[in-house]
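Enquirer: Shown below is the structure under consideration.
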Amino acid sequence: MGEVQIVHEVRNDAADGLNGHLAEVKELIGRSLEAKKFAYCPYSKFRVGAALLTHDGTVFTGCNVENACFCLGICAERTAISKAVSEGHRDFKAIAIASDMCEQFISPCGGCRQFMREFGANWDVYLSKPDGSYVEMRVGDLLPASFGPEDLKVKKNNIMNEF
């Protein structure tokens, strides 16, 4: 009988852990939806917000900021990551991304995927809709066969620069 009780306690602990994880995801998505409200997007009218969670529980938010010189705009994901890095954080647990698209989940652009990959391939990305529904992926899923900092450390042929 004692074994059944232990199994029950383990199940309760697992359920508590799952509920805690779901609450954390819901909170992170909520923060990304809130960040979206600050987007500066007079040209595309496409608001995006992001909320980045570090392993110590700190959350950094970001929104897209456009520029009349289109190539100088910055995406919400890169804003949040840059804020975190500028405050000494480099180890991320998850990022939630939000937009106004109702019929499909927001997905980061290629540049943001590579920017996220700089900080590892094995952290969570929550692609959401305005109603709070989401798809969970990993950075590595969004950018398979990617190039990262560890690739710069592999042995290379020594090639003389002829120029």
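Positions of Cβ are set from backbone N, Cα and C atoms, glycine also.
Annotations for this protein, taken from TrEMBL, read as follows:
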ACT_SITE  Glu77  active site, proton donor
BINDING   Cys75, Cys109, Cys112  Zn(2+) binding site
DOMAIN    23-150  domain 'CMP/dCMP-type deaminase'
Enquirer: Could you give the mean pLDDT over the domain 'CMP/dCMP-type deaminase' (23-150), rounded to a whole number?
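Expert: A mean pLDDT of 97 is what the predicted model shows over the domain 'CMP/dCMP-type deaminase' (23-150).
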Enquirer: Work through the binding-site residues one by one (Cys75, Cys109, Cys112) and point out the residue whose CB has the fewest other CB atoms within 10 angstroms.
Expert: Cys109
Enquirer: Any idea what the Cα distance is from Cys112 (Zn(2+) binding site) over to the residue listed as 'active site, proton donor', rounded to a whole Å?
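Expert: That comes out at 6 Å between the alpha carbons.
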Enquirer: Would you list the other residues of this chain near Zn(2+) - those whose C-beta lies within 8 angstroms of the C-beta centroid of Cys75, Cys109, Cys112 - in sequence order?
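Expert: Filtered neighbour residues, in order: Ala76, Glu77, Arg78, Pro108, Gly110, Gly111, Arg113, Phe115.
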Enquirer: Under 8 Å between C-beta atoms and at least six apart in sequence, can you list the same-chain neighbours of Glu77 (active site, proton donor), or say none if there are none?
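Expert: For Glu77 (active site, proton donor), the qualifying residues are Val48, Ala50, Leu52, Gly62, Ile95, Ile97, Pro108, Cys112, Phe115, Met116.
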